[in-house]
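Notes for the one structure printed next.
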Amino acid sequence: MVHNQVWISFSRYRTAKGNNRIVDKGIEFDQVDRENNWDDQIILSGILLYVFNTLTYGASNLALWRSDGVLISIFLHAGPVEFLYYWLHRALHHHYLYSRYHSHHHSSIVTQPITSVIHPFAEHIAYFLLFAIPTLTTVFTGTASLVSLFGYITYIDLMNNMGHCNFEFIPNWIFSIFPPLKYTMYTPSFHSLHHTQFRTNYSLFMPIYDYIYGTMDKSTDSLYEKSLKRQEDAPDVVHLTHLTTPESIYHIRLGFSSLASMPENHKWYIWFMWPLTLWTMIINCIYGRIFILERNSFEKFNFQSWAIPRYNLQYLLKWQSQAINSFIEDAILRAEEKGSKVLSLGLLNQARIDSDEELNRNGEVYIERHPKLKMKVVDGSSLAVAVVLNSIPKGTTQVLLRGNLTKVAFSLASALSQRGIQVATLYKSDYEKLKLATTSNFVLSNTFDQKIWVVGDGLTEEEQMKAGKGTHFFPFSQLPPKKARHDCFYHHPPAMLAPPSLQNMHACENWLPRRAMSAPRVAGIVHALEGWNVHECGDKMIDVHQIWEASINHGFKPLAFAE
C-alpha cells in the first residue's frame, strides 16, 4: 500500500506539471470513485497468499536467497506468464467477456497508477493464479527464497504502477545501449495506447508478444518520443493557495485520492498518522518549496493551482510574515516568467486573520515592488462580495455583520445598504469604522435576533451561541467559521460551481463540495477569459455586478445548484 501510494502522489504531481504527459484529457470524480477500492486487491492478495502458505508444504522458513529460484521465476514469467496473459488479455477484449468484465478497467481512458488494479473479482482471481505460476513452481521445487517471492511481487507492483502513469519517463538512452530491451520492458506510453486504442499493445510487461502476433500499435515509438520531448505546461492562470492544517496534506490532490475527492473533514483515523504528519510539518517548514497542486483546462486556457508550504497557524504569526511574503512574491515572479496572464491570491495569502493589520495589503505590495509586471494580480474580493450578495435570501431586510472588517466586509456592507438592507453590528468600534467609511444604513444592535448573519474571521463560538435558532451564517471570508450550533445553518465560504466543460476536476478545494471553486480561483479564471487589463488588489475593486454576470456567462453557477 505504501508502494502504491508513493506512485499515486508522484504521478499526480508529474501530470500537474505537464512535462512528458501522454494524454491531455483530465480525470474526473467518477473515475476517482470507481478506483477508490484499489486497496481491495491488496487485501485479497494477502488473504490468498495466507491460504496458499497455510496449505502448501515448503512455503515457510525460506532461505533469504537462492539463485536457482530467482532464475526460475524470471524464465517462467518471461515465458508462460507473459504468453498466457497476452492471450487471456486478447480474450478479455472479445465483446462477450469485455462487456461483462474487462470494460470496467477500460472505463479509465486516462490512466493513473491505481488504475492497474481496478478489475472485477473474477479477473483478480485469474491474474493471481497466473502470477502464482512462478511462485508455486519455486515452492514445489524447493527453490523458493524470500528474494524470489517478494522480489517477484514487488516487480509486478512496480511495473503495473509504472505502466499506468500518464507521463513518460523511461529515458531512450536505455534502449540505445541495449536495443533488445524494447521487447522485454514496456513504457507508460506503450500501455497508454492500449487504453486509448483498445485493440493494440496487449502485452503484460514485455511487448515481445505484440511484435510476434502483429498487435503492436504503429504509433508506439512516435508517441514515446513525443511524450519524452514534451515541456512543462505554461499556465494562463495561477491560483496561489496554501496548506490549512497539518492533516490537510492527506486531503490535497497529491495525498489520499479518496480524501481529496471529498470536502475536507477530519477523520478519526488520521490521528493515528501523527508521526508522519509531524515529519511532513518539519520538512515543509525547513525545506518546503512552492509546489504545483493541480491543473485544469477550460476554453483553451490552462490553469494551475500552486501551494505554499505553510499552514493557517503560521499566517497568524507576525514573525512569519516576511517568509510568507517571500513565498508569494517568488510565486508571482515565477508565474510572470512562465507568461501567465493572471495570478489569484487564495485563502490567507491576502491578509492576516488575527487583527486588522493586513499581510500584504491584498497583494498591492507586490505591484508596487514590480511596477512593470505584465501579469494581473487579483484577490477575488469583488466576486466574493457578489457571491454573498446573491446568496442572501430575497426579502431580507436586516443582516448582522460580524467579523474582522476587511476589504470584502466594507464593500459588502455598502452593497447591502444600497439594496435597502439594514446592516447591524454588535460592537461600537465596528459601527464607527463602517460609518466612517460610508454613510449608508448601519445600526448598532443590542440583540442577536437577526436571522441572517454575514460573518468573517473573528466570529467567536460565544457569539454563535447567542444567535437565534434557525439562524443562517453566510461567510464572507475564505475560511469557514467553526460550527458551534447544530440548530443553525452554515453556508459555504464564497464559491461557485465550475462549468461541466472545465476539465480535470477530481479533487475538492478544501471544505467546498465537488466541482466548487473558491471566489478568488473563479475570479482569476474569469479575469483571464474576459481579458481585463487591471489588477484587483489593495483597495481596487471590479464592479460587483460586472464580475457576477461574467462568471454566470462563462458557465459558473451559484452553489445552490450543487443539489
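Note: Cβ is positioned from N, Cα and C throughout, glycine not excepted.
For the domain 'Fatty acid hydroxylase' (80-215), the model gives a mean pLDDT of 97. The domain 'Fatty acid hydroxylase' annotation in TrEMBL covers 80-215.
According to TrEMBL, the feature domain 'Very-long-chain aldehyde decarbonylase CER1-like C-terminal' maps to 399-558.
Sequence-distant contacts of the transmembrane segment (42-63) (same chain, at least 6 residues past either end, Cβ-Cβ under 8 Å): 1, 4, 117, 124, 128, 132, 136, 139-140, 142, 144-146, 149. Feature annotation from TrEMBL assigns transmembrane segment to 42-63 (among others).
Within its own chain, the transmembrane segment (70-88) is flanked in space by residues 126-127, 130-131, 133-135, 137-138, 141, 143, 145, 147-148, 151-152, 184, 202-206, 208-210, 213, which lie at least six positions past its ends and keep a Cβ under 8 Å from the stretch. Residues or ranges marked as transmembrane segment by TrEMBL: 70-88 (among others).
Packing against the transmembrane segment (125-153) from elsewhere in the chain are residues 44-45, 48, 52, 56, 58-59, 62-66, 68-70, 72-73, 76-77, 80-81, 84-85, 88, 119: each is 6 or more residues past its ends and has a CB under 8 Å from a CB in it. The transmembrane segment annotation in TrEMBL covers 125-153 (among others).
The transmembrane segment feature in TrEMBL is assigned to 268-292 (among others). Within the chain carrying the transmembrane segment (268-292), a Cβ under 8 angstroms from the stretch's Cβ atoms is held by residues 13, 16-17, 243, 246-247, 249-250, 254, 304-311, 327, 330-331, 334, all 6 or more beyond its ends.
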